[in-house]
Every structure is written in structure tokens, then in C-alpha cells.
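Chemist: Below is one structure. I have some questions about it.
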């Protein structure tokens, strides 16, 4: 081995001189993300690569603890409600952007006005559609006005990054970002890397790590090789089967939950007994163990994320009971009937495997599952088609705002983006919950929504997936429930 | 020659226009950018608003007129994905892909000629067996797997080369070799069989009978005649690499090239970027074809340029 190594070293001797700086310095980390940011404008696109970097440069009025609890960020305290449509935020005083601009009420008004301006063509509008305007009260007080009552507004403000009032109009803003956060941009070589350096004047104290290098690697095998070769310190979306091969790994309950949405109108699946059987037929625990090596949690009878507001703690998980499922199918006269299960492949972790496994479980209790794996665009056409719902369609829902409004308006409320039931009463509850400002009443409404959908088997909720990260030996970090890669929380130990 | 070039350039322009038109229609028929780009939770109204802001709700005819009008100034519109001029992205990524193809194909071309000729000298001999076995082996290796295997060996185990990405010259080695191997195998096999054919020709026997030295026959005649099919295949290798065959290598090595960018543009239904990429690649393919025709003429004066 030594001989081979020496020989090869000789062959590529010239190349060696140009080896990349291996992540070595104690105060420097290298993070691999799946895709290069399309822009570094924090308000324009809905893009994971952009977020991974800008989450360290920009900040928001509200923030979350690693466990997901909503806490004040750039706001000095939780907002107070003036009336049904007005929220007042007191701002943290004395914060400045890294270009010297002050963070004050003007900056908040500018940030809100900018993102809801149609001229920005922001893809983030699906998070901020309810916001009408923002008004300055005094330098550290600002009011945000919504079109209707909006109890989710504090969560929304956890998603809206605050930009400097003047500089955000600069044409270079999208490539040379300026925020209030713990890091500022050092350089961006397109296609190659983004480098951030610590903001020494950060109001929360200078972070422990001085420099962050981001690299863009979409192929999971290549990401893992980079970690094993010592080039990388953090990789995201580590495949469960690779966990044993990396120096260190951490997993945390993630934002994504897989589900199959059943139509209440189509023949066969419109029968409640059939829908119950399709739920009882699936061994979620076995799926979590075999497909995800245990890095997934079986859902408890609902699609709502367990960390989200509105999660129904009282619901029982659907048991795995193939005997009863078979009996129900027989009773409903659905034996040998075809059920079309629509899905896609490659968009979400192990999507095809999951769909095929569920299809096999369904076949085992007596129905015939016709699995249709479609190209993503065509799959979306079917997912969004209001007139013609598939018998069953697979989707993975991600709840960024950690509020049950996301799941309930997406897959529970009749007429929702991916809903396949026509339950008017349920839809009214979802709408009522969206504007209910009393926290206890709102939780009660969601408990009713999820209970009714549970008892009517509108959905086949599958697994709540965990996010798995791979680390180098020297890196120390507890991943967050909200999937944000906050470098200020990371530490490196001396080797 | 001059008239030939003019004619080919004119034909090439028609081809490019035709391809662009097909792409224009196809991209608008297949994907709906608002569905793919916006979060799944976006409402129908938000999707409609997005398409309106991007000008995608206008009648197809009106969109086409704008498209052709802007084409004259190489303006393909802003990429939906990166929100900056699409052609700027193409010019940024194209050099990376061209460098990779240049190195990989350069390697394949320079190695395939001597190896193929060597094998052809004694069909069935040791050298020939090694070349044929190596060729079949190279052809049957999936590039994706080969790339990962090389990363594991050279970057993870030996730690003498970087795993992926761009940077110094060492970053080129693994992706270029991975790209070269199937091309090298195909070209080498072709040289071998053409040279064997040539060496069995009547004129070779005549030349040897009159005492001409073997290496003059081989290099001056046999190999030169074998160059015409070789050039055709090498051109095909170049064109197919350019037209997207580099995407596997670019994915495995996180190489910021045009192939990977095209794939991402398709994933995101980024019609404007896709149009800019296809237009650029079509132009380059036309240019390569014209160059090949000229080269044929230089190698074999009997070939008529029509």
C-alpha cells in the first residue's frame, strides 16, 4: 500500500501543490449544501441553498430555539396585538447592519414593503400573503397590519429576513448581502464556493467560528466522500445507510412528513371501510426501520408536524392490523379492485421506495394497487388538479412555519392545494382556526379538525422524517428542529 | 471552399432557429414554472400571480414575438431560477464544461491512436488482447459508479486528489479521466478495427512487396486512411459530450458546468435558461460540424465538399 501510495503521489506531484485548503484551522468550518444559492437576496426566492447561507447573514424579528420554540429575535419581546389585524413589535435597540445602517422601525417597514411589492416577484409570498402593510410608530416600535385576523403572524415574522432600508435598493444587493447577523459575506465565487466571515460587532457577541466555507455538492455519495476525506465539516441530508461510515452524525426530528391523500369521491376509496383498511394495512414502524434505518418516526394519525402549533396530542396512531384490513376490504366488496396510487421519484428522500412499499402493503390486504410514478411536472399537475383527484396521491409536506395551518389548508381543507375530500364542515373549521386569535380556542379547533379527519380516514399519514447530518470529528453542534444551519451555534474542538 | 462555408453557415443558422423554436414550444407545453418553483403550499392565486409577473400568462404568439425580437440582441430574458440574465449564466458555466471536455477528449484522442494501432499490428496478440479487454471494460463501466469509485480510492483512501468541486489544476484530474474512459474505449476500438482493415488492403501488400518500410506504410497510409472514421467518431464524442453527456460526471464531481446547469433548469422548468443553453449548444454543434467537414477535406483531398 505504501509503495502504491508513493508511486501515485509521484505521478500527481504537481497536482498536490494545488490541493484545496483542507478544513484545518480551528476557527474555520466547511459546510456542503445540496445546491448553490441562486441569489443572495434574502427576500426573493424560495431556495434552500440561499436560506442555508443567508440564515447566518440576516435575522428576523422572531426566532426559534433549537427545539423549535418561537422567541424574540430582532424584536425586543413577543409582539402584542393592538386589534384583530394589527400587531405591534418593539425592536431591539442599538442593532446595526454590517454596512453601518441602523436597524430600526424604518428598516422593518422597508423590509415588509419590499417583500410584498409585486415588482420584487417574490416566491416567498405564500408565507406573507396576509400582510397588508407596516407602519412606523417610533424608532423602535413598528406595527404590522394584516388583511384579516392572522394568529400566525408572529411565526411569519420568523421567516421574513430584515434588510437594510437604503442598501436593499442597490443593484448589487443580490450578490453582496448586508444583514445584522453573526456573519457577513467575504466572497462568492460562482460555481465554486461562498465564504463568510464573522461579524465582530454582532449584537449577540462575536461567534466562535471565524470563517465559514460553503461548497455545493448535490450527489450524496460525493458529499459523504468529502466528509470522509476531511475536506468537509458538515454535510446535510446524510443518507441513513451512510451513517455508520462517517466520523460523526446527528439526527433531529425534521420538518417533513410523508402522506398519502385519499379521494373521498372516487369509486372504491370513497368507502370509509376501504380508507380505514388502507391505513391499517401499512406497517409504519417497519417502514421507518427498514427504509430509513430508524431515522423516521411513525405518524400519530395526523399529518401535522409533532413540533407544530396545533398538533393533536390525543390522537392514537393507526395500528398495523392486516387481518382487520383484509376483513374490511372484503366487507366493502373491494377485493381485487384497482386503486391508483400516484407519486414521483427523486424529489424527496426514498420517495419511490416508500410508495412501492405502501403499494405492496395494500396489495397484501386484497386490493390491486396501480402505482404511477410520474415526472415531477406531470405529478404536480395531478396534485393540483381540483377537478379530477387521483384515488391516492403521495406527497411530502414540509412545515417551515411550524403551524398546523400549513397542513390543514394544504391537505385537510376541501379545495386546498392537495386536498381530496369534500368535507364542508371540516373546511369551515380550518378557515375558522386560521383567523382565531385565542390560542386555546385555536388549538381546540385544530384538535377537532385532525380528529375528524382521523376518524374519516381522509389521509394515510406515513412517517415524520428526521434530518441527518454528518460531521467531522472536530465539529460540535446539535442540529435544530427547524433545519436551519446556524453556524453561530457550532463549535470546533482543537485536534 | 468559400461558397461551401457560406452555404454551411446559412444551413447552420436554419438548424439553430429550428431547434430554438422546438425548445420554445416544448418548454411551454411541458412544465408550469409556477407549480415547480413556488412552495407546494402556494395557492392557485399566488401561482397565477407569479406567472403573470413573469409574463408567462401572455398568449404564446405574443411570447414568441418577444422571444425572437430579443434573440437578435442575445437577450434570453432573466432566468426564473437565478433571477439574472440567462445568457450570463451560460457564459459562466460553458468554459467549465469546455475545459472538462477538452481535457477528457484530448486524453482519449491522444491515447486511442497509439493504443489502437498497436493492437492492430498483431490481431490476437498480447497487446491486442489487452487493448480489446480494456476497451470492453471501459465501455461497460457505468460512469457514475466509476466516478464514485475513483473518488473513494484517490481522494478518500489515498488522499492525493480532491473529492470534488473546482479550484486548482488537481480538481481536473478525476473528472477528466472519468469523462475520458468510455470515449477512449470507443475510439481505441475503432482505430484498431480500421487499421486492421487498412493493413489487409491490396495497396498495403503492393507497398510491402516493393519494399516500402512498414512504419511508412502504417503512419503514412494505413493510419491516415483510418483517420476519416476516427474523426467522425471523435466529433460525435465531442458533440454528444457538449449536448449533455457530461452531466453524469458533473453531478458526481459537483462540477459547475453547463450539463448540470441544464439539468437544474429542467428540474425547475426554467424556460428562459433552458432556451439560452439549447441555443448556445446548437450553435456550437453547428460550428463543430463545419470544422469537421473542413478537416475531412484536409485529410482526404478526394472528399468533395458539397
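Cβ atoms are placed via backbone N, Cα and C, with glycine included.
Nobody curates TrEMBL annotations by hand; they come from automatic prediction.
What you are looking at is a predicted structure, and each value in this text was computed from that prediction instead of being measured.
Got these off TrEMBL a minute ago, pasting:
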{"type": "TRANSMEM", "residues": "B:12-31", "note": "transmembrane segment"}
{"type": "DOMAIN", "residues": "B:94-296", "note": "domain 'ABC transmembrane type-1'"}
{"type": "TRANSMEM", "residues": "B:98-121", "note": "transmembrane segment"}
{"type": "TRANSMEM", "residues": "B:133-160", "note": "transmembrane segment"}
{"type": "TRANSMEM", "residues": "B:172-191", "note": "transmembrane segment"}
{"type": "TRANSMEM", "residues": "B:212-232", "note": "transmembrane segment"}
{"type": "TRANSMEM", "residues": "B:238-260", "note": "transmembrane segment"}
{"type": "TRANSMEM", "residues": "B:272-292", "note": "transmembrane segment"}
Chemist: Count the CB pairs under 8 A between the transmembrane segment (B:212-232) and each of B:12-31, B:98-121, B:133-160, B:272-292, then give me the winner.
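Modeler: The stretch with the most close Cβ contacts to the transmembrane segment (B:212-232) is B:98-121.
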Chemist: With the transmembrane segment (B:98-121) as the reference, which stretch in B:12-31, B:133-160, B:172-191, B:238-260, B:272-292 has the largest tally of C-beta pairs below 8 Å?
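Modeler: By the under-8 Å Cβ criterion, the transmembrane segment (B:98-121) pairs most with B:172-191.
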Chemist: Among B:12-31, B:133-160, B:172-191, B:238-260, point out the range having the most Cβ pairs under 8 angstroms from the transmembrane segment (B:272-292).
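Modeler: Stretch with maximum Cβ contacts: B:12-31.
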Chemist: Can you see whether the transmembrane segment (B:238-260) and the transmembrane segment (B:12-31) are touching - at least 3 CB pairs under 8 angstroms, only pairs 6 or more apart in sequence?
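Modeler: As far as Cβ distances go (cut-off 8 Å, pairs 6 or more apart), the transmembrane segment (B:238-260) and the transmembrane segment (B:12-31) do not touch.
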